[in-house]
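Student: My questions will all concern the structure given below.
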Amino acid sequence: MTTAAIIVAAGRGTRAGGDLPKQWQPLAGRPVLAHTLAAFRAAAGVSRTLLVIHPDDRARAEALPGVAEGKVELVEGGASRDASVRNALEALAGAGIERVLIHDGARPLVAPGLIARTLAALETAPGAAPAVPVSDALWRGEGGRVVGTQDRTGLFRAQTPQAFRYEAILAAHRAHPGGAADDVEVARAAGLEVAIVEGCEDNLKVTYPGDFARAERLLALAAGL
């Protein structure tokens, strides 16, 4: 089956510190996005890779490995995350794509096994996404004080890549009014079943300065350093 990967990197978030959005900040000597793109370009069965960017980031994007050679295609994002994803989905229309992976550009440590088992889950469901069960105690707070606890049974921390049968998620995005937190929300609004796949604690989204330090350590371990 033909599979495309959509890497969403059009956001402008700067919670990680510095002047650049987190996906463009350096990690182990390369932009975060360079690590993310490398993971999907090496993934078995992925025939096309689309990178969704903010228009202001085009020059940076063109310098990434794979872009100049045409192995990574650039798509300009929209005013929101779901609009950005839809732009990429529309760019694939008529290309014979059967499955699509949608991934946060700021998750550079996604493993080949996670990509493979997320795609495999599409054999029995139109959508699939990795998640990690919530293990910490959950509190409800008000005015800086704990006012109650929350049962964590059945609660998960969502991750990406989120995988879908292409035509199903394209139709879901076309029908959605916007404002979704992720593509699972878009899919469920269209009545699509989404399978939960075992996620990975190392598949972190680099958002704060401490996340970069942890990601650096994990990359060093993976490299045997």
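Using the three backbone atoms N, Cα and C, a Cβ is placed for every residue, glycine included.
According to Swiss-Prot:
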SITE      Arg15  site 'Transition state stabilizer'
SITE      Lys22  site 'Transition state stabilizer'
SITE      Arg152  site 'Positions MEP for the nucleophilic attack'
SITE      Lys205  site 'Positions MEP for the nucleophilic attack'
Student: Please report the DSSP secondary structure of Arg152 (site 'Positions MEP for the nucleophilic attack'), reduced to three states.
Tutor: coil
Student: Any idea what the Cα distance is from Arg152 (site 'Positions MEP for the nucleophilic attack') over to Lys205 (site 'Positions MEP for the nucleophilic attack'), rounded to a whole Å?
Tutor: 22
Student: Residues with Cβ closer than 8 Å to the Cβ of Lys205 (site 'Positions MEP for the nucleophilic attack'), same chain and 6+ apart in sequence?
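Tutor: Correct list: Asp104, Ala106, Arg107, Gln159, Asp211.
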Student: List nothing but the one residue from Lys22, Arg152 whose Cβ has the fewest other Cβ atoms within 10 Å; the candidates are the recorded sites.
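Tutor: Among the recorded sites Lys22, Arg152, the lowest count of other Cβ atoms within 10 Å belongs to Arg152.
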Student: Provide the three-state secondary structure of Lys22 (site 'Transition state stabilizer') computed with DSSP.
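Tutor: Lys22 (site 'Transition state stabilizer') sits in a helix per DSSP.
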Student: Can you tell me the three-state DSSP label for Lys205 (site 'Positions MEP for the nucleophilic attack')?
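Tutor: Looking at the DSSP assignment, Lys205 (site 'Positions MEP for the nucleophilic attack') belongs to neither helix nor strand, so coil.
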